[in-house]
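Undergrad: Per Swiss-Prot, [4Fe-4S] cluster 1 binding site is recorded for CYS28, CYS64, CYS93. Annotation comment: Swiss-Prot describes CYS163, CYS167, CYS170 as [4Fe-4S] cluster 2 binding site. As annotated by Swiss-Prot, domain 'MTTase N-terminal' applies to 19-129. According to Swiss-Prot, the feature domain 'Radical SAM core' maps to 149-392. Summarising the annotation, Swiss-Prot assigns domain 'TRAM' to 395-468 and lists sequence analysis as the type of evidence.
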Amino acid sequence: MGRAKMASQIPPREIPEAPKVGMVSLGCPKALVDSERILTRLRADGYAMSADYAGADVVLVNTCGFLDSAKEESLSAIGEAIAENGRVIVTGCMGNEAEAIRAKFPQVLAVTGAHQYEAVVEAVHEAAPPSMGPYIDLIPQADPGDVKLTPRHYSYLKISEGCNHACAFCIIPSLRGKLASRRIDAVLREAEKLVAAGTKELLVISQDTSAYGVDVRHEERMWKGRPVRTHMTDLARELGQLRTPQGETPWVRLHYVYPYPHVDAVIPLMAEGLVTPYLDIPFQHASPNVLRAMKRPANEAKVLERIKAWREICPDLAIRSSFVVGFPGETQADFEYLLEWLEEAQLDRVGGFRFEPVAGAAANDLPDQVPEEIKEERYARLMEKTEAISAARLSAKVGRHIKVIVDEVGEPDEDGDIGATARSQADAPEIDGAVYLRNVPASLKPGDFAEVLVEDADAHDLYGVIADRQG
């Protein structure tokens, strides 16, 4: 009987290299969350992430299909991925137009619609099968952790899919379906996990945050041994109880909030410091005539009263909104009404859009389409008005101390001065302004909170110094 072969003589078994996936994520923060979920699932299945086209075995393009300009950007991204890599899977909102995509790019491997996670993962498995081995498959996998496409210190928290509104300019319900709320205990578990992992700012997103739980009749779920309703107010209150590992209260920022009556109950939570004093409310217009044509709530006068009441309860409240000019039927009087309303509302942050047709939207067939040159003129005046309001509101902060969260820290200049880019509670990442800091300590890092003395302001941004380093 021969001797057993020594372990050192057994040739090592070659472990197959994990296939790599590249990702291009376009569109809104909700699409970014979809991309994170897809990549998290793929990493759990043994895939690695590629930072460029060349190193990827397959490239995912998560598209946006809301506006024609967004579709053009999506098609351009698909074309670039095909040219640079050749093995491309398309998903996201524009995936609903599979025929159009395949007509332009017949070589795409697969096309799936918005938030069709299983279909995307299956397509990736077909295009680049995960590494399999007789030994690897028997080893329990550790939790790979969630893939994040945002900086470590802030995270988007998606609480629902879809929308029950039927706005004339929008096709979201046809792309993402009716409102479907996530279980509140699942949302809170995700938030708790994110904060424990280093998130300092939670950005609550959906198509209609105020409607959270309507589809499930605000059902109760147990959380920390007590019942909690699937409702925006309960969610905001519970998120306000979270603490970072350092004992800090993370910022909780509410986006896409329709001004339903129960929004009033959130304002005291902001005054108490449990929720960031910031509301992103998509007003879209102020003229009752235009709002009715848009199939939006037309109670702009009541909204002005509520904004005033909100600011009395929480003076630091910042309100962001977006407005569309040139909607079919918008008269000069309607537009002037909007400008007057904005002057009275004194919103802190405003995004403006020229109306553009969206395939499948009811507004395309409305009479009295506004000529492009008038749209441009109104858009320019809208931006001029809102920039003047913003400049005045920001200049009022000069000389005040405010709290900021740091996004980036620069390298020392020739004099050794280190600059940093931060945001105040009035600034959501990527869409609002910034607070630019001078002479920050070398120990400052992204995600840190700091007290800042505001020294200067312009129409969009603030400039300052850490409070204990002034002079």
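Numbers run from 1 along the shown chain.
Placement of Cβ uses the backbone N, Cα and C atoms for every residue, glycine included.
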Undergrad: Give the sequence-ordered list of residues that share a chain with CYS93 ([4Fe-4S] cluster 1 binding site), lie 6 or more positions from it, and have CB atoms under 8 Å from its CB.
TA: GLY27, ALA31, THR63, CYS64, GLY65, PHE66, GLY113, ALA114, LEU175, ARG176
Undergrad: Check the domain 'MTTase N-terminal' (19-129) for me and report the mean pLDDT.
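TA: Looking only at the domain 'MTTase N-terminal' (19-129), pLDDT averages out to 89.
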Undergrad: List the other residues in this chain whose Cβ sits within 8 Å of the Cβ centroid of the [4Fe-4S] cluster 2 site residues CYS163, CYS167, CYS170, in sequence order.
TA: HIS165, ALA166, PHE169, ILE171, ILE172, PRO173, GLN207
Undergrad: Hey, which of the binding-site residues CYS28, CYS64, CYS163 is the loneliest by Cβ count within 10 Å?
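TA: Looking at the binding-site residues CYS28, CYS64, CYS163, the Cβ with the fewest others within 10 Å is that of CYS28.
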Undergrad: Sort out the sequence-distant neighbours of CYS170 ([4Fe-4S] cluster 2 binding site) for me: same chain, 6+ apart, CB within less than 8 Å of its CB, listed by position.
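TA: Residues satisfying the criterion: PHE66, CYS163, VAL358, ALA361.
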Undergrad: What is the set of residues, excluding CYS28, CYS64, CYS93, whose C-beta falls within 8 angstroms of the centroid of the C-beta atoms at the [4Fe-4S] cluster 1 site?
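TA: Along the chain, the qualifying residues are LEU26, GLY27, LYS30, ALA31, THR63, GLY65, PHE66, ALA70, GLY92, MET94, ALA114, LEU175.
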Undergrad: Which numbers of helix, strand and coil residues does DSSP report for the domain 'MTTase N-terminal' (19-129)?
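TA: The composition, in the requested order, is 56 helix, 21 strand, 34 coil.
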Undergrad: If one measures from the C-alpha of CYS167 ([4Fe-4S] cluster 2 binding site) to the C-alpha of CYS28 ([4Fe-4S] cluster 1 binding site), what distance in angstrom results, rounded to a whole number?
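TA: Here the two Cα atoms are 18 Å apart.
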